[in-house]
């Protein structure tokens, strides 16, 4: 009888980088305009704060993905570190993120295309904009149903083009159009209120969401324990440089073209122009088009490149949501219906349709005020007029901050509960201690990161009227559904299913091809009188 | 309107350097132990480009190894030499005429030549009369500075001991280059000149 096929380890260092880049690299295309609109002259500070937290998140994911190179990412780490119920909550928050990811990036993709085809612009033809975003999501749903998905090669090419493009925009922008006095002037004169700064920080974090895609692909990466730390650190650095550079350039840039007055006819600065409702969805393209000389070329290709990257990112949302739901279903965290595979196309059809359906519902909710003046009045009364990209960004920030908070706790828990698993990459700055008779290293960065991301979660709750209602509502409904499902299946409600993690870890390392690490673990276990076997990897 | 500022120029250069250095560092991870071994093996193979000797004799049937030898010789641009060793019994003088054995040698080497031609490589052939197959092959390998000696054996049911014999054993232990011994498996395809009868029948019926 033929054995069950395993995931092929075909993802190279560039492939691993581009998996992450195609997800997180698109975020700045959406995040820049939103943060400039919210944090104004302190946008660079908002990006810096979120960036520091992001570095901690990145390091945590790097350590965990290199130690546990399995598909599943954050949800698996939390389930392993904190148990089934927290694994569910983290996975459910990631599901919210991936679902919003679908809508947010499809919406922004249309915004970028609108730079070339004004007919698609939200401000001029909201129905056309809505229909285009709707059609993109429905199309991605169909493509994923029949199992067509962008290849690693395609991701790699688009990522390479985008790295070159973004570096060029920043290079020529700083070379030809940067004035540090203007930056200081913008920071002094347009420093926001505390509320707006907090709002800016909570939006800035969305520019850094998606690094976990590298850990999602860990099971398919060559020599994951060695390669993933490199690709993750490279991705962290690249994205951080881009976010900080864009924010500072936007504040201190003298544009090649004159800045038009705002909707009320008042003069505005260039960064205010970028953060306006008309441009916030496509801020990078507008900025690039205003770089002297280079802007003429950039105006032609940046909207297309941005739209392609955003479409890939939206597709990552469809793929990620359906696969996480599938994985959670296999771990008995979600009903088995999400595990159902299409008989012909061999894809998790139910998961794809359900989460694309949720994405479409969210799209309708976000677009309603721009489509109907009556709805606009309702949103103004109940949600402080929050609509469109802001709604999507709220929920995206909420889902990311929640799942990342759990990942930090899982990192600390796994350091204490599982000190024997070899860690080829370990976050620096640790406090040695003894826990349950074993020497362990307590990660200080884990605590700093947790405090940082948890504060962003609080900022999100404080400053986003929709996020503070819809986010917890999503989690609450999920937990109720989880408890009903576990009760029906006679599974432990608050406890976890018994799993021999040590044996599973040996299998994970064996299947990852990290035989030296496997030997190291076996030796440690034998030294403690444990006889390890080999189990099926998750 | 252009606004070139020294700080802007510096930041622009730092960004390019930082991104370039990061990507370069990422794409050049330290090699794994397996990679190092593979590189060494590859380097050793690169050096090969010498000669490959395919041996035939009364007990050594290497026809099925010829395809592999020809492919290897073409890929490595190595010289290919097929040699048939006629073992002269001690009861006969060294230069004794052995027409039947010579005839078998010519047939075997003709087959080897045909296979080499199909494979697109040039081949030298030789018939050597010697007291001992193993000594003759080892001496020839030394003279030719051969990199590889290829020997074929065959299977009789589940038994390959007799055809392997002392000659192959002795060549394998005395040769100063690599020795490749090929025995076609009962269901193998790579070293099989003719299709197994059952498979051939099935294909014919289909």
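Cβ coordinates come from backbone N, Cα and C, glycine included.
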Range annotated transmembrane segment in TrEMBL (choices A:373-394, A:395-416, A:417-438) is A:395-416
Could you check which of A:197-215, A:254-272, A:273-291, A:501-519 is flagged in TrEMBL as transmembrane segment?
A:197-215
Transmembrane segment per TrEMBL, picked from A:85-107, A:154-176, is residues A:85-107
Listed stretch, out of A:85-107, A:127-148, A:197-215, A:347-368, that has the most CB pairs under 8 angstroms to the transmembrane segment (A:300-326)
A:85-107
Report yes or no: does the transmembrane segment (A:21-40) come within contact of the transmembrane segment (A:347-368), defined as 3 or more CB pairs under 8 Å with a sequence separation of 6 or more?
no
With the transmembrane segment (A:466-485) as the reference, find which of A:347-368, A:395-416, A:440-460 contributes the most Cβ pairs under 8 Å.
A:395-416
Three or more CB pairs closer than 8 Å, sequence separation of 6 or more: does that hold for the transmembrane segment (A:85-107) against the transmembrane segment (A:227-247)?
no
Same-chain residues at least 6 beyond the ends of the transmembrane segment (A:197-215) whose Cβ lies under 8 Å from its Cβ atoms:
16-17, 19-20, 22-28, 30-32, 34-35, 38-40, 42-43, 45-47, 49-51, 53-54, 57-58, 61, 64-65, 73-74, 94, 97, 101, 228, 231-232, 235-236, 239-240, 243, 313, 316, 320, 393, 396-397, 400-401, 453, 456, 459-460, 462-464
Excluding the flanking five residues on each side, which residues at least 6 beyond the ends of the transmembrane segment (A:440-460) place their CB within less than 8 Å of a CB in that stretch?
49-50, 52-53, 56-57, 59-60, 198-199, 201-202, 205, 394, 397-398, 401-402, 404-405, 408-409, 411-412, 415-416, 419, 426-434, 467-468, 471
